[in-house]
Amino acid sequence: PFFVNRGGLPVDEPTWERMWRHVGRIHPEGDRVAQRIRGAADLPKIPIPSVPVFQPSTPIPERLEAVQRYIRELQYNHTGTQFFEIKKSRPLTGLMDLAKEMTKEALPIKCLEAVILGIYLTNNMATLDRFPISFKTHFSGNYFRHIVLGVNFGGRYGALGISRREELMYKAPVFRTLSELIFDFEEAYRRCWHTLKKVKLGHCVSHDPHSVEQIEWKHSILDLDKLTREDFRKELERHARDMRLKIGKGTGPPSPTKDRKKDVSSPQRGQASPHRRNSRGDRRPSGEKKPADSKAMPDLNGYQIRV
């Protein structure tokens, strides 16, 4: 037995069962509401957002607006049930398969899912640099976390994403520096009565959807309690310079599949690739000491090289 989503596609039954159990817990007549919805035959057809398709001549800023419009049309997931399980340690190819599933099921999403979807929908924009930006804020005795996809086109910075707050997601690529972009997010948080505590910046993500590399989520970790305002700005610009140098040297977002076509015995090796070694060696947790990562490489047996 299975259920279907608003796109008419089969969805795993346990996911929907969790949804109905959640409704039963938070609604006074939750069980009856769930049964009434399940048994209704005359429910209106919910429109399915269309994945944006671009002409080669479409400017990058217009494409970014269309991608953000699509993410917004999926709507923010307020249900309390996460529909898609995203493990940050998965290879990029696995995350892109998950993003494709998101476009098929057309279910509401949260901020991390929006980042993965943003990467998937901008893979064909070769002149666009994409990198994750994570925020940790404090409000009313609690800490909150949020993530967006930073973008850089023609030397101008912006962001894609989704949030409950309009000012904490999309930023058009108009900011001259990375620090201007981050300060704009900080001011948006201040208007929501949140205090920005930490910013984590990743490196540029490969445009190869079949890459078995992992996304580098935390190349720079900036603790605002340990940095002056000027030091914070300098660290942001240093990270931006690191990304430019990495791309300029040709070490940023390579396709490991191209380098390993002749050796497809196993993508999992005891010795890490030069790109991963350099990435970890160059990782600089600015303003905060971070212990060395001792995790073993993830199981990549399910992600064999695709030609």
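Note that Cβ sites are derived from N, Cα and C of the backbone, with glycine treated the same way.
Bear in mind that TrEMBL entries carry predicted annotations, made automatically and left uncurated.
Feature list (source: TrEMBL):
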ACT_SITE  Cys111  active site
ACT_SITE  His146  active site
ACT_SITE  Ser163  active site
COMPBIAS  279-293  compositional bias 'Basic and acidic residues'
REGION    241-307  region 'Disordered'
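The Cβ of His146 (active site) has 22 neighbouring Cβ atoms from other residues within 10 Å, across all protein chains displayed.
In the shown protein chains, 21 other C-beta atoms lie within 10 A of the C-beta of Cys111 (active site). Put simply, Cys111 (active site) is 6 Å from Ser163 (active site) when counted between their Cα atoms. Here the Cβ of Ser163 (active site) has 18 other Cβ atoms within 10 Å, regardless of which shown protein chain they belong to.
Straight-line distance linking the Cα atoms of His146 (active site) and Cys111 (active site), rounded to a whole number, equals 7 Å.
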